[in-house]
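First comes the structure, then the notes that go with it.
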Ligand SMILES: [Mg+2]
(Lines of atoms letter the chains of each structure in order from A and count residues from 1; the text may use other names and numbers.)
(Lines give C-alpha, C1' and ligand atoms only; values in the text may rest on other atoms or scores of the structure.)
Protein backbone atom coordinates (compact mmCIF):
# COMPACT_ATOMS: atom_id res chain seq x y z
CA UNK A 1 0.00 0.00 0.00
CA UNK A 2 1.06 3.62 -0.38
CA UNK A 3 -0.12 7.09 0.59
CA UNK A 4 -1.86 8.92 -2.25
CA UNK A 5 -2.43 12.26 -0.56
CA UNK A 6 -2.45 13.97 2.87
CA UNK A 7 -5.02 16.71 3.47
CA UNK A 8 -5.44 19.21 6.31
CA UNK A 9 -8.29 21.45 7.33
CA UNK A 10 -8.44 23.96 10.17
CA UNK A 11 -11.73 23.58 12.03
CA UNK A 12 -13.16 25.82 14.78
CA UNK A 13 -13.69 24.69 18.38
CA UNK A 14 -17.09 25.44 19.86
CA UNK A 15 -16.10 26.71 23.27
CA UNK A 16 -16.80 30.20 24.51
CA UNK A 17 -15.33 29.44 27.92
CA UNK A 18 -12.47 30.75 29.98
CA UNK A 19 -9.95 29.31 32.45
CA UNK A 20 -7.56 31.41 34.56
CA UNK A 21 -5.35 32.11 31.53
CA UNK A 22 -7.03 31.64 28.15
CA UNK A 23 -10.38 32.01 26.41
CA UNK A 24 -11.04 29.13 24.02
CA UNK A 25 -13.37 30.98 21.63
CA UNK A 26 -10.69 31.59 18.97
CA UNK A 27 -9.08 28.15 19.15
CA UNK A 28 -8.89 25.91 16.10
CA UNK A 29 -7.77 22.34 15.42
CA UNK A 30 -5.98 20.74 12.46
CA UNK A 31 -8.00 17.83 11.09
CA UNK A 32 -5.73 15.59 8.97
CA UNK A 33 -6.69 12.87 6.47
CA UNK A 34 -4.15 10.42 5.03
CA UNK A 35 -5.59 8.89 1.86
CA UNK A 36 -4.23 5.44 0.92
CA UNK A 37 -4.41 3.58 -2.38
CA UNK A 38 -6.29 0.70 -0.71
CA UNK A 39 -9.91 0.66 -1.89
CA UNK A 40 -12.62 -0.96 0.26
CA UNK A 41 -16.35 -0.78 -0.45
CA UNK A 42 -15.57 1.44 -3.39
CA UNK A 43 -13.75 4.07 -1.30
CA UNK A 44 -10.09 4.57 -0.36
CA UNK A 45 -9.11 3.66 3.21
CA UNK A 46 -8.32 7.00 4.92
CA UNK A 47 -6.57 7.62 8.25
CA UNK A 48 -8.02 10.56 10.20
CA UNK A 49 -6.84 12.40 13.31
CA UNK A 50 -6.45 15.85 14.84
CA UNK A 51 -3.88 17.35 17.19
CA UNK A 52 -5.66 18.30 20.42
CA UNK A 53 -7.79 20.80 22.27
CA UNK A 54 -6.74 24.18 23.64
CA UNK A 55 -4.29 25.25 20.94
CA UNK A 56 -4.46 26.34 17.30
CA UNK A 57 -4.40 24.63 13.90
CA UNK A 58 -0.96 24.30 12.30
CA UNK A 59 -2.01 24.56 8.65
CA UNK A 60 1.13 26.37 7.48
CA UNK A 61 3.59 24.06 9.28
CA UNK A 62 1.76 21.00 7.96
CA UNK A 63 1.56 22.10 4.34
CA UNK A 64 5.01 23.65 4.03
CA UNK A 65 7.04 21.12 6.02
CA UNK A 66 5.56 17.92 7.40
CA UNK A 67 3.04 16.89 4.74
CA UNK A 68 5.44 18.13 2.03
CA UNK A 69 8.27 15.90 3.34
CA UNK A 70 6.07 12.82 3.50
CA UNK A 71 4.72 13.52 0.00
CA UNK A 72 8.29 13.49 -1.34
CA UNK A 73 9.22 10.19 0.37
CA UNK A 74 9.31 6.99 -1.69
CA UNK A 75 6.58 4.48 -0.70
CA UNK A 76 9.22 1.92 0.41
CA UNK A 77 10.72 4.51 2.81
CA UNK A 78 7.40 4.68 4.69
CA UNK A 79 6.18 1.11 4.45
CA UNK A 80 6.21 -1.26 7.44
CA UNK A 81 8.07 -4.59 7.27
CA UNK A 82 4.99 -6.51 6.12
CA UNK A 83 4.23 -3.94 3.42
CA UNK A 84 0.63 -3.73 4.59
CA UNK A 85 0.78 -0.45 6.55
CA UNK A 86 2.88 2.61 7.36
CA UNK A 87 5.86 2.46 9.73
CA UNK A 88 4.98 5.41 11.96
CA UNK A 89 8.55 5.76 13.29
CA UNK A 90 9.95 5.98 9.75
CA UNK A 91 7.29 8.60 8.96
CA UNK A 92 8.20 10.52 12.14
CA UNK A 93 11.90 10.60 11.19
CA UNK A 94 11.10 11.80 7.66
CA UNK A 95 8.83 14.55 9.02
CA UNK A 96 11.59 15.66 11.42
CA UNK A 97 14.31 15.85 8.74
CA UNK A 98 16.29 19.12 9.02
CA UNK A 99 14.44 20.10 12.23
CA UNK A 100 16.76 21.28 15.01
CA UNK A 101 16.48 19.74 18.51
CA UNK A 102 14.49 21.57 21.21
CA UNK A 103 12.03 24.46 20.86
CA UNK A 104 9.13 22.10 20.31
CA UNK A 105 6.05 24.34 20.30
CA UNK A 106 3.41 24.04 17.60
CA UNK A 107 5.66 21.77 15.50
CA UNK A 108 5.00 18.99 18.00
CA UNK A 109 1.22 19.28 17.48
CA UNK A 110 1.51 19.37 13.68
CA UNK A 111 3.62 16.21 13.54
CA UNK A 112 1.28 14.54 16.06
CA UNK A 113 -1.80 15.15 13.91
CA UNK A 114 -0.18 13.34 10.97
CA UNK A 115 1.40 10.57 13.07
CA UNK A 116 -1.92 9.82 14.79
CA UNK A 117 -3.72 9.79 11.41
CA UNK A 118 -1.19 7.12 10.35
CA UNK A 119 -2.13 5.04 13.42
CA UNK A 120 -5.80 5.42 12.48
CA UNK A 121 -4.94 4.35 8.92
CA UNK A 122 -2.97 1.30 10.11
CA UNK A 123 -5.80 0.22 12.41
CA UNK A 124 -8.35 0.59 9.62
CA UNK A 125 -6.13 -1.38 7.22
CA UNK A 126 -5.86 -4.11 9.87
CA UNK A 127 -9.62 -3.90 10.53
CA UNK A 128 -9.22 -3.37 14.29
CA UNK A 129 -10.03 -0.58 16.78
CA UNK A 130 -6.96 1.61 17.39
CA UNK A 131 -6.68 0.55 21.06
CA UNK A 132 -6.11 -3.06 19.98
CA UNK A 133 -3.36 -2.16 17.50
CA UNK A 134 -1.71 0.10 20.12
CA UNK A 135 -1.82 -2.65 22.77
CA UNK A 136 -0.29 -5.14 20.32
CA UNK A 137 2.48 -2.80 19.17
CA UNK A 138 3.45 -1.74 22.70
CA UNK A 139 3.08 -5.22 24.19
CA UNK A 140 0.48 -4.11 26.72
CA UNK A 141 -2.55 -5.90 28.15
CA UNK A 142 -5.22 -3.35 27.28
CA UNK A 143 -7.74 -2.14 29.84
CA UNK A 144 -11.43 -2.68 29.05
CA UNK A 145 -12.44 0.82 30.06
CA UNK A 146 -10.88 4.19 30.77
CA UNK A 147 -11.63 5.87 34.11
CA UNK A 148 -12.85 9.33 33.23
CA UNK A 149 -13.69 12.53 35.08
CA UNK A 150 -15.73 15.53 34.00
CA UNK A 151 -13.39 18.50 33.52
CA UNK A 152 -15.02 21.89 33.88
CA UNK A 153 -15.80 24.03 36.90
CA UNK A 154 -15.48 27.26 34.96
CA UNK A 155 -15.89 30.86 36.10
CA UNK A 156 -19.19 32.52 35.28
CA UNK A 157 -19.76 36.28 35.15
CA UNK A 158 -22.92 36.12 37.31
CA UNK A 159 -23.86 33.83 40.21
CA UNK A 160 -20.52 32.08 39.69
CA UNK A 161 -20.81 29.80 42.75
CA UNK A 162 -24.44 28.82 42.10
CA UNK A 163 -23.71 28.03 38.45
CA UNK A 164 -20.61 26.06 39.43
CA UNK A 165 -22.82 23.87 41.64
CA UNK A 166 -25.36 23.50 38.82
CA UNK A 167 -22.55 22.49 36.47
CA UNK A 168 -21.34 19.77 38.88
CA UNK A 169 -24.91 18.48 39.35
CA UNK A 170 -25.24 18.35 35.57
CA UNK A 171 -22.15 16.12 35.31
CA UNK A 172 -23.55 13.86 38.05
CA UNK A 173 -26.78 13.54 36.05
CA UNK A 174 -24.73 12.44 33.03
CA UNK A 175 -23.20 9.62 35.11
CA UNK A 176 -19.82 11.12 36.03
CA UNK A 177 -18.46 10.31 39.49
CA UNK A 178 -15.23 12.40 39.45
CA UNK A 179 -14.79 16.06 38.60
CA UNK A 180 -12.29 18.84 38.03
CA UNK A 181 -12.73 22.58 38.49
CA UNK A 182 -10.73 25.70 37.68
CA UNK A 183 -8.87 27.76 40.26
CA UNK A 184 -6.63 30.80 39.91
CA UNK A 185 -9.18 33.00 38.13
CA UNK A 186 -10.31 34.65 41.38
CA UNK A 187 -8.78 35.54 44.76
CA UNK A 188 -7.60 32.71 47.01
CA UNK A 189 -10.49 33.36 49.41
CA UNK A 190 -13.06 33.25 46.58
CA UNK A 191 -11.51 30.08 45.17
CA UNK A 192 -11.74 28.38 48.58
CA UNK A 193 -15.44 29.32 48.70
CA UNK A 194 -15.87 27.83 45.23
CA UNK A 195 -14.12 24.58 46.23
CA UNK A 196 -16.32 24.30 49.33
CA UNK A 197 -19.42 24.92 47.19
CA UNK A 198 -18.40 22.23 44.70
CA UNK A 199 -17.68 19.81 47.56
CA UNK A 200 -21.13 20.49 49.00
CA UNK A 201 -22.52 18.93 45.80
CA UNK A 202 -19.89 16.24 45.22
CA UNK A 203 -19.33 15.07 48.80
CA UNK A 204 -16.07 13.14 48.64
CA UNK A 205 -13.01 15.45 48.21
CA UNK A 206 -11.16 12.51 46.62
CA UNK A 207 -13.56 12.92 43.66
CA UNK A 208 -12.63 16.57 43.02
CA UNK A 209 -9.43 17.86 41.37
CA UNK A 210 -8.50 21.52 40.85
CA UNK A 211 -6.62 23.06 37.90
CA UNK A 212 -4.73 26.39 37.99
CA UNK A 213 -3.74 26.19 34.30
CA UNK A 214 -0.19 27.34 35.01
CA UNK A 215 -1.25 30.66 36.50
CA UNK A 216 0.68 30.91 39.78
CA UNK A 217 4.16 32.01 40.78
CA UNK A 218 5.87 29.95 43.48
CA UNK A 219 4.61 31.90 46.55
CA UNK A 220 1.01 31.84 45.24
CA UNK A 221 1.23 28.14 44.34
CA UNK A 222 2.42 27.40 47.88
CA UNK A 223 -0.23 29.66 49.46
CA UNK A 224 -2.95 27.78 47.56
CA UNK A 225 -1.35 24.45 48.49
CA UNK A 226 -1.44 25.37 52.19
CA UNK A 227 -5.03 26.64 51.95
CA UNK A 228 -6.21 23.48 50.16
CA UNK A 229 -4.21 20.89 52.12
CA UNK A 230 -7.07 20.26 54.57
CA UNK A 231 -9.55 19.36 51.84
CA UNK A 232 -7.69 16.20 50.74
CA UNK A 233 -8.53 16.85 47.08
CA UNK A 234 -7.93 14.31 44.34
CA UNK A 235 -5.16 16.42 42.79
CA UNK A 236 -3.83 19.98 42.35
CA UNK A 237 -3.06 20.51 38.65
CA UNK A 238 -0.55 22.70 36.82
CA UNK A 239 0.01 25.21 39.63
CA UNK A 240 2.70 27.17 37.76
CA UNK A 241 4.38 27.62 34.41
CA UNK A 242 4.71 24.16 32.82
CA UNK A 243 8.50 24.55 32.47
CA UNK A 244 9.08 25.87 36.02
CA UNK A 245 10.36 22.62 37.51
CA UNK A 246 11.71 24.35 40.62
CA UNK A 247 8.23 25.63 41.45
CA UNK A 248 6.90 22.05 41.32
CA UNK A 249 9.83 20.83 43.43
CA UNK A 250 9.33 23.51 46.09
CA UNK A 251 5.57 22.93 46.17
CA UNK A 252 6.01 19.15 46.51
CA UNK A 253 8.12 19.76 49.63
CA UNK A 254 5.22 21.44 51.43
CA UNK A 255 2.11 19.91 49.79
CA UNK A 256 1.64 16.29 50.80
CA UNK A 257 -1.37 15.64 48.59
CA UNK A 258 -1.26 14.69 44.89
CA UNK A 259 0.12 17.14 42.32
CA UNK A 260 -0.42 16.83 38.57
CA UNK A 261 1.24 18.46 35.57
CA UNK A 262 2.65 17.80 32.09
CA UNK A 263 -0.10 18.65 29.58
CA UNK A 264 2.08 21.43 28.20
CA UNK A 265 5.27 19.38 27.87
CA UNK A 266 5.73 18.39 24.23
CA UNK A 267 8.80 16.16 24.18
CA UNK A 268 10.36 13.27 26.07
CA UNK A 269 13.31 15.51 27.04
CA UNK A 270 10.92 17.93 28.78
CA UNK A 271 9.41 15.00 30.68
CA UNK A 272 12.92 13.81 31.63
CA UNK A 273 13.52 17.26 33.10
CA UNK A 274 10.23 17.19 35.00
CA UNK A 275 11.25 13.82 36.46
CA UNK A 276 14.77 15.01 37.30
CA UNK A 277 14.00 18.46 38.70
CA UNK A 278 10.25 18.77 39.32
CA UNK A 279 10.01 16.85 42.60
CA UNK A 280 7.44 14.41 41.16
CA UNK A 281 6.78 11.58 43.65
CA UNK A 282 6.37 7.95 42.49
CA UNK A 283 3.13 6.48 43.79
CA UNK A 284 1.58 9.90 44.33
CA UNK A 285 1.84 12.57 41.61
CA UNK A 286 0.29 12.45 38.14
CA UNK A 287 1.59 13.16 34.65
CA UNK A 288 -0.75 14.55 31.96
CA UNK A 289 1.19 14.67 28.68
CA UNK A 290 -0.99 14.61 25.56
CA UNK A 291 0.19 12.57 22.55
CA UNK A 292 -1.76 14.91 20.24
CA UNK A 293 0.39 17.83 21.40
CA UNK A 294 3.71 15.99 21.54
CA UNK A 295 4.64 14.36 18.23
CA UNK A 296 2.14 11.48 18.49
CA UNK A 297 2.28 7.98 19.91
CA UNK A 298 5.96 7.24 19.21
CA UNK A 299 7.25 10.09 21.39
CA UNK A 300 4.46 9.44 23.91
CA UNK A 301 5.65 5.82 24.22
CA UNK A 302 9.14 7.12 25.02
CA UNK A 303 7.64 9.35 27.73
CA UNK A 304 5.87 6.34 29.29
CA UNK A 305 9.16 4.40 29.23
CA UNK A 306 11.01 7.34 30.88
CA UNK A 307 8.39 7.47 33.64
CA UNK A 308 8.57 3.74 34.30
CA UNK A 309 12.36 3.75 34.30
CA UNK A 310 12.23 6.44 37.02
CA UNK A 311 9.94 4.30 39.19
CA UNK A 312 6.55 5.73 38.23
CA UNK A 313 3.59 3.58 37.25
CA UNK A 314 1.84 4.16 33.92
CA UNK A 315 -1.34 4.38 36.02
CA UNK A 316 0.04 7.77 37.14
CA UNK A 317 -0.44 9.01 33.57
CA UNK A 318 -3.75 10.78 32.86
CA UNK A 319 -3.32 12.38 29.41
CA UNK A 320 -4.90 15.73 28.68
CA UNK A 321 -7.48 15.21 25.93
CA UNK A 322 -11.10 14.29 26.48
CA UNK A 323 -11.75 12.80 23.04
CA UNK A 324 -11.84 9.51 21.15
CA UNK A 325 -8.12 9.48 20.29
CA UNK A 326 -7.10 9.87 23.95
CA UNK A 327 -9.59 7.14 24.90
CA UNK A 328 -8.06 4.57 22.53
CA UNK A 329 -4.54 5.48 23.65
CA UNK A 330 -5.33 5.28 27.39
CA UNK A 331 -7.09 1.92 26.95
CA UNK A 332 -4.43 0.53 24.58
CA UNK A 333 -1.52 1.53 26.82
CA UNK A 334 -3.27 0.69 30.11
CA UNK A 335 -2.87 4.21 31.55
CA UNK A 336 -4.65 5.69 34.57
CA UNK A 337 -7.48 7.52 32.81
CA UNK A 338 -8.34 10.76 31.09
CA UNK A 339 -10.77 13.63 31.14
CA UNK A 340 -14.08 14.45 29.49
CA UNK A 341 -15.48 17.85 28.57
CA UNK A 342 -19.22 17.28 28.48
CA UNK A 343 -20.87 19.84 26.27
CA UNK A 344 -17.80 21.85 25.22
CA UNK A 345 -14.98 21.70 22.65
CA UNK A 346 -17.21 20.21 19.93
CA UNK A 347 -16.74 18.87 17.34
CA UNK A 348 -13.46 17.19 18.39
CA UNK A 349 -14.05 17.09 22.17
CA UNK A 350 -16.23 14.41 23.71
CA UNK A 351 -16.73 10.74 22.94
CA UNK A 352 -18.68 9.12 20.11
CA UNK A 353 -22.10 7.66 21.02
CA UNK A 354 -20.77 4.08 20.63
CA UNK A 355 -18.44 4.71 23.61
CA UNK A 356 -20.32 3.76 26.79
CA UNK A 357 -19.96 5.37 30.23
CA UNK A 358 -20.42 2.94 33.12
CA UNK A 359 -19.32 3.31 36.74
CA UNK A 360 -17.25 6.40 35.92
CA UNK A 361 -15.33 4.66 33.10
CA UNK A 362 -15.71 4.82 29.30
CA UNK A 363 -15.27 1.93 26.85
CA UNK A 364 -14.33 2.60 23.22
CA UNK A 365 -16.54 1.42 20.36
CA UNK A 366 -15.51 -1.48 18.14
CA UNK A 367 -15.18 0.28 14.76
CA UNK A 368 -11.70 0.16 13.14
CA UNK A 369 -9.38 3.07 13.97
CA UNK A 370 -10.09 5.79 16.54
CA UNK A 371 -13.80 5.74 15.63
CA UNK A 372 -13.90 9.47 14.86
CA UNK A 373 -16.39 8.91 12.03
CA UNK A 374 -18.89 7.75 14.68
CA UNK A 375 -19.09 11.27 16.18
CA UNK A 376 -22.14 12.95 14.59
CA UNK A 377 -20.73 16.47 15.05
CA UNK A 378 -17.29 15.58 13.61
CA UNK A 379 -18.42 13.26 10.80
CA UNK A 380 -19.45 16.08 8.39
CA UNK A 381 -15.98 17.65 8.65
CA UNK A 382 -14.35 14.27 7.95
CA UNK A 383 -16.73 13.63 5.08
CA UNK A 384 -15.88 16.99 3.52
CA UNK A 385 -12.12 16.54 3.94
CA UNK A 386 -12.12 13.02 2.51
CA UNK A 387 -14.65 13.54 -0.32
MG1 LIG B 1 -5.22 21.22 32.80
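Cβ atoms here come from the backbone N, Cα and C positions, even for glycine.
As given in TrEMBL:
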- 161-261: domain 'Mandelate racemase/muconate lactonizing enzyme C-terminal' (DOMAIN)
- 182: active site, acceptor (ACT_SITE)
- 211, 237, 263: Mg(2+) binding site (BINDING)
- 320: active site, proton donor/acceptor (ACT_SITE)
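For the domain 'Mandelate racemase/muconate lactonizing enzyme C-terminal' (161-261), DSSP puts the residue distribution at 56 helix, 15 strand, 30 coil. Summary of the Mg(2+) site environment: with the site residues 211, 237, 263 set aside, the chain residues having Cβ atoms within 8 Å of the Cβ mean position are 180, 209, 212, 213, 238, 260, 261, 288, 320. Secondary structure at residue 320 (active site, proton donor/acceptor), taken from DSSP and collapsed to helix, strand or coil, is coil.
When pLDDT values are averaged over the domain 'Mandelate racemase/muconate lactonizing enzyme C-terminal' (161-261), the model yields 97.
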